[in-house]
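Here is what TrEMBL says about this protein:
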BINDING   Gly171, Asn224, Val225, Asn226, Glu227, Tyr228, Lys229, Arg230, Asp293  (6S)-NADPHX binding site
BINDING   264-268, 283-292  ATP binding site
DOMAIN    58-367  domain 'YjeF C-terminal'
Amino acid sequence: MFVKHGMNQLSSSRNFTLSSSAVLRRQHFLIRSLAGGGHSNYCTLNRMQETNPLEADAENILRAITPSLDPTRHKGQAGKIAVIGGCREYTGAPYFAAISALKIGADLSHVFCTKDAAPVIKSYSPELIVHPILEESYSIGEGDRKYISGKVVAEVDKWLERFDCLVVGPGLGRDPFLLDCVSEIIKQARRLNVPIVVDGDGLFLVTNSIELVSGNSLAVLTPNVNEYKRLVQKVLNCEVNDQDAHGQLLSLSKRIGDVTILRKGKADLIADGEIVKSVSVYGSLRRCGGQGDILSGSVAVFLSWARQYIMAAEGNVAIRPTNPTVLGCIAGAALLRKAASLAFENRKRSTLTGDIIEYLGKSLEDICPAC
């Protein structure tokens, strides 16, 4: 009786209809584990989810903003995404972000990386368009810095207007010269009103130069626990307050100038200076590296789709909220969690980032069938 009762509660409290009884059983186990294993705690957790006014209606948002597959559309109309990242040490992160965008349904995905990283990233997939134009300090002389910097920025600038969203940071590294070049790219993207998702080493850059994103309503920051701690310390000059997580996140977003922030955690929290939303769909117990890169690529695609949806609706938007950056964050966070859940159900402890990426398409198909 307990299992039946618990499964009914789980079904009513979750945002997604999971595709198999095996997955449902796994989610039942996860909730019991997170709630401490007791019947009382388990029921209390479900009641909290059912009555949580901040929980986003992720499934309906995904259905609304995901464009239909239309034979009259041409290449590029479903999204052109670019990732700025990838250096000698880190080649996996930009690949994960860029390939996730394609797996969700973007038409084109570019990677702007260093010359050392380009052959490696190209070898991962022929689907990506790789630009080996970024430079690190070790490869240039002191007297050539200004010339090389201008050349790098000009090369990226030739492409910027073509993109629906820019992802800055996956595998970028912290080379000072490289970060200076990326700072100029961020400024130019802002001048052209190109939305930007900042993750990884991009967050290191903007935390130390907050003016790069301050007041940019088309910017999204996606910090993990440590990156969020540094942001709070830098901007609010205090420590993280988990007792008032929603209020502090809202204050942080306002202080930066209504930038949208997706705080990753047990429940993902999203704020844009006006509202706070939560996405707490259960994902995976396996915390393999690279899931944040999937998220940044996913948010970029859904953000661009949300902008298209809102423009096409001409004010008659049937979902709330209506900020495209918030909608993109909700959709990206929810889809990643669903894909991670399916991957974990099949792979258990051996789940890797690539396994999760392979379930992105199925997860979206379960909610928004292509035909």
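Backbone N, Cα and C define each Cβ position, glycine as well.
Automatic prediction, not curation, is the source of TrEMBL annotations.
Take the Cα of Gly290 (ATP binding site) and measure to each of the binding-site residues Gly171, Val225, Glu227, Lys229: the nearest one is Gly171. Of all the binding-site residues listed here (Lys264, Asp268, Arg286, Cys288, Gly292), Lys264 has the Cα closest to the Cα of Lys229 ((6S)-NADPHX binding site). Distance between Cα atoms for Gly292 (ATP binding site) and Gly171 ((6S)-NADPHX binding site): 11 Å, as a whole number. Annotated pair Arg286 (ATP binding site) and Asp293 ((6S)-NADPHX binding site), C-alpha to C-alpha distance, rounded: 15 Å. Taking every pair among Gly171, Asn224, Val225, Asn226, Glu227, Tyr228, Lys229, Arg230, Asp293, the residues recorded as binding (6S)-NADPHX, the greatest CA to CA distance is 20 Å. Counted over every protein chain shown, other Cβ atoms within 10 Å are most numerous around Asp293 among the binding-site residues Asp268, Asp293. Listed in sequence order, the residues of the same chain lying 6 or more apart from Lys264 (ATP binding site) and placing their CB within less than 8 Å of its CB are Thr222, Pro223, Asn224, Val225, Tyr228, Gly292, Leu295.
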